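Summarising the annotation, Swiss-Prot assigns coiled coil to 488-523, 576-603, 683-715 and lists sequence analysis as the type of evidence. Under the heading compositional bias 'Low complexity', Swiss-Prot lists 350-374. Among the features that Swiss-Prot reports, compositional bias 'Acidic residues' is placed at 375-395, 899-909. Taken from Swiss-Prot, the feature compositional bias 'Basic and acidic residues' covers 396-411. Per Swiss-Prot, compositional bias 'Pro residues' is recorded for 926-935. Residues or ranges marked as domain 'Protein kinase' by Swiss-Prot on the basis of sequence analysis: 28-281. Feature annotation from Swiss-Prot assigns phosphoserine to SER9, SER181, SER416, SER658, SER777, SER825, SER827. Look at Swiss-Prot and you will find 318-457, 892-941, 1210-1235 tagged as region 'Disordered'. Marked as transmembrane segment by Swiss-Prot on the basis of sequence analysis: 967-987, 989-1009, 1014-1034, 1040-1060, 1170-1190.
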Amino acid sequence: MPAGGRAGSLKDPDVAELFFKDDPEKLFSDLREIGHGSFGAVYFARDVRNSEVVAIKKMSYSGKQSNEKWQDIIKEVRFLQKLRHPNTIQYRGCYLREHTAWLVMEYCLGSASDLLEVHKKPLQEVEIAAVTHGALQGLAYLHSHNMIHRDVKAGNILLSEPGLVKLGDFGSASIMAPANSFVGTPYWMAPEVILAMDEGQYDGKVDVWSLGITCIELAERKPPLFNMNAMSALYHIAQNESPALQSGHWSEYFRNFVDSCLQKIPQDRPTSEVLLKHRFVLRERPPTVIMDLIQRTKDAVRELDNLQYRKMKKILFQEAPNGPGAEAPEEEEEAEPYMHRAGTLTSLESSHSVPSMSISASSQSSSVNSLADASDNEEEEEEEEEEEEEEEEEGPESREMAMMQEGEHTVTSHSSIIHRLPGSDNLYDDPYQPEMTPGPLQPPAAPPTSTSSSSARRRAYCRNRDHFATIRTASLVSRQIQEHEQDSALREQLSGYKRMRRQHQKQLLALESRLRGEREEHSGRLQRELEAQRAGFGTEAEKLARRHQAIGEKEARAAQAEERKFQQHILGQQKKELAALLEAQKRTYKLRKEQLKEELQENPSTPKREKAEWLLRQKEQLQQCQAEEEAGLLRRQRQYFELQCRQYKRKMLLARHSLDQDLLREDLNKKQTQKDLECALLLRQHEATRELELRQLQAVQRTRAELTRLQHQTELGNQLEYNKRREQELRQKHAAQVRQQPKSLKVRAGQLPMGLPATGALGPLSTGTLSEEQPCSSGQEAILGQRMLGEEEEAVPERMILGKEGTTLEPEEQRILGEEMGTFSSSPQKHRSLVNEEDWDISKEMKESRVPSLASQERNIIGQEEAGAWNLWEKEHGNLVDMEFKLGWVQGPVLTPVPEEEEEEEEEGGAPIGTPRDPGDGCPSPDIPPEPPPSHLRQYPASQLPGFLSHGLLTGLSFAVGSSSGLLPLLLLLLLPLLAAQGGGGLQAALLALEVGLVGLGASYLFLCTALHLPPSLFLLLAQGTALGAVLSLSWRRGLMGVPLGLGAAWLLAWPSLALPLAAMAAGGKWVRQQGPQMRRGISRLWLRVLLRLSPMVFRALQGCAAVGDRGLFALYPKTNKNGFRSRLPVPWPRQGNPRTTQHPLALLARVWALCKGWNWRLARASHRLASCLPPWAVHILASWGLLKGERPSRIPRLLPRSQRRLGLSASRQLPPGTVAGRRSQTRRALPPWR
């Protein structure tokens, strides 16, 4: 076919004989799509002439590069026509219909890759040998005719019903060898194909390499380098060594065969004819290997289909539980055709299998030569999008031009553009769907502009007016031309204003897009950091789970060993008891036997036979008694053994349960710590995001203010120019009117009182216009008044448009200003005047020659209604506006966007003003259950007597401490529990204070006296000073003024000279008490901000050292502490497990600390048990005294039940997208389940 021919043309006889003239839709029926690829779709069909099952490959040659597609189709058809071999796919014919080629071929069951997909495991070596042998025979046939397949892989090796192996998919094949084109599938490509563009040609040995890769694919379910990118795989194939089989259980023949196929140098690689003589393919194997493999695959597919059908049937019955049962078989028959999978062997009937596939459409990667269609489609889409964007940009101007045309008619065809998705997949979903022939869309002729048409009409008028008589004067024509030029200037001015606004809007959009990109990058970085932390947490959790599992297995093995030892011990004891019993029975039997013999000897008259019988009966009785005794012993031993085993198992089960509880508690503590660390990270990320958004908001506001300033300056300049021009016109008009007045009227106007100014249509007249005024008569005063009234009536429309400073406008000017500018209206109810007299005083402007401040200028331009909206916006966003004004931002009106871009801004924006706040902003959520009611301990009114007693006791003890310092520890121990409780002392606080005091005293003594060798007297003095400072600080913090007063009174009585220092200390303490909270809050916030800017590792270390308090975090982020939604301080949980045996002093201190913690826990649990056993009246008394305190509910975030979470999710999904909540759900992040 000539290169310049049209695609689908059959004028060439050589091309026409390749295709049949019949209609394929009439020849083939029951078409079902069974595969898809970049080339098109593959269909299962049945020939109506002979009921033969065939495979139809539909390929479209329409669209871009149709000639190249047509040439590929012709090449493939010619290639298939030449094939005559049992191991190649058989060609049935090719038909053309509606720019689609129907390539009809022999139908096969499927490909070798389908076998891997169905069985989910590699093939056996015998099966690989059979498949390879058949493929080699087909390749040998191709190579003997100088043909190259160039796309050999498991997906292109097909299996037929009789068990034959066939080569398929010759779309990449080459009719001539050698070849030099870059064609094939990347992972199966030979090195010489990859390097063909640089190093030259290649021959049929490239198929041998691909066959070796296919063997590895059949043996390992995927080709080498399959987990790598396609381009990287090509580089590795060309540069690295040849791949090999990974597993070691394959035979040496198979390994040698694969190594021979994968020789890197083509000259060392054997041909297909040589490989047919290899021992791997010539070894003895059952002749029904392929048939057995196909049958086994059919059975597996049938089972999968039945399972899928049962699942679908179950789903259908669940959706329609009342459906009739008689329709089940019909539903089964209808559901089975839709359960086929492209690339798998499928069974439609239980007796025999109907194939599902003919051509390889299930390979995991497409060929390289098939990527051109997708790229062409993508380029076509990009070009169409660019054309649409250009049309959208030119749209408003062209519409304006069309509106300005007069006397001319244009016909425009608005044809819709059909978009095609990348690739031609969707073109073949319906075989009966006609396809449209795309043709180049002819753009309509550009309409002539209004300027050219008006200038042409003017030139025609000028040419014709010389040949025709006219009554129009030259001055009238010149004035009309001048007015038209003025209108054109105004129109051009408005066009420039529109272009400026559009440019400003684009600049704002570009800035917002850039800032949005920064936010997305920042969000992605924070998300990666969070995911990395979560991955670390997951690794730690897995390690902990493995350790717990190892501990559990170890304990189970130890328990089993102990149980066996225990059973063996009991069995040994019982065996000894049984042996002793048997020994005793033997002795008793001998003694009894001797006694019986003696008794027989004493009575000699008894016959011998009777003696023997009597002796036998006595022996039997004795043996029976011994047997019963032995059976009773065995029964007792068995009962004892069972009882002991049950008791031991119970004991071991309790121990295992306790171990499981400890492990579970450790796991929960670890998870709580991880959640707290994650919460801290999220808080830090929130702070960083807030700062970024603040900076971006400042940048946007600065840009918006600058653009608004430029816009206002332009508007002001245009308005001043217009006002100057109108003032000049009015002066000329007024001068002409004055010149036309009679002299008597001028004299009358000059005789007016000095205090009464001469008024006109526009208010006070200028002084320069009345230089020639003379008195006028009273009769002409009425005429002047009527003229002035008429001028005022003419000025009314202009006042509604421009204010009181202008005069009347022509109707054409009103139309231009009202329609094109879009900011004025002739209705006084809709808009106020744009320019007011007192704000836009031209004389004052000319005298002062300065521009008013921008804020007042904006408010004057906006008008009263816009100023009211401004005030409303200020009320709604008062805090933000105040902060912006403090930062120096100039607030301006939001630029009116271009009409084409309004919808995009509304979609990109957040929730509108007035949207209700959700739990993510700190508000309570309806999904969270209410807190449990307070316990009965808080319901009793607390008695005031213990409070007075405690304060009096502290005051008296403080007075005593002033005289005797030995009572200072007692005062500190009493003060600590009183400070720990809100309404008085508590038992738990007292125990804690005692423990803290003793441990602190002991640790300080060991450190100072033992390590630093401090003298005991100095240590005692230091301990007293520390205790005194602690007493004063604690009493000052809780407001217990009795303690310092008692100490001061005692010291004054002992040392009167301390009065002045004590007074100074009291004054300083009062000032510190007043200013202390504010200073502490400021220092705390500064400290927290410094910590939040540190790296996560340092921040985590400081958390472990308790350098970050939850009170400070919640003060810095108050939304996280609303309505009880707060988390605990993220401090890492102490490391569990046995401590290392070392003799370091710190290790000894750690052991002592662990021992103290253990005793503290035991003491607290004993106190809790004791309190639970007390009667209610005793609990009430102890609670009123402050010795007991009710347990507070945990403020750790609670996880909602799964049902409530699903209800919340379903409710949020059922909301329509147009509602406020729906819009907010589209823009806001989903709430965590515990919120």
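Any Cβ shown, glycine's included, is placed from N, Cα and C.
Owing to the predicted nature of the structure, the values given are computational and were not obtained by experimental measurement.
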## Note on the structure
When pLDDT is averaged across the domain 'Protein kinase' (28-281), the result is 89
#### Entry: Local backbone state of SER9 (phosphoserine), from DSSP in three classes
coil
### Message
Given a Cβ distance threshold of under 8 angstroms, which distant residues of the chain, six or more beyond its ends, lie next to the coiled coil (576-603)?
### Response
611, 614-615, 618-619, 622-623, 626, 629-630, 633-634, 637
### Task
Translate the DSSP assignment of SER181 (phosphoserine) into the three-state scheme.
coil
### Query
When you measure from the Cβ of SER658 (phosphoserine), which residues in the chain that are at least 6 apart have a Cβ under 8 Å away?
none
### Query
In the structure shown, which of the modified residues SER9, SER181 has the fewest other Cβ atoms within 10 Å?
SER9
### Query
At the level of the C-alpha atoms, what whole-angstrom distance separates SER181 (phosphoserine) and SER9 (phosphoserine)?
27
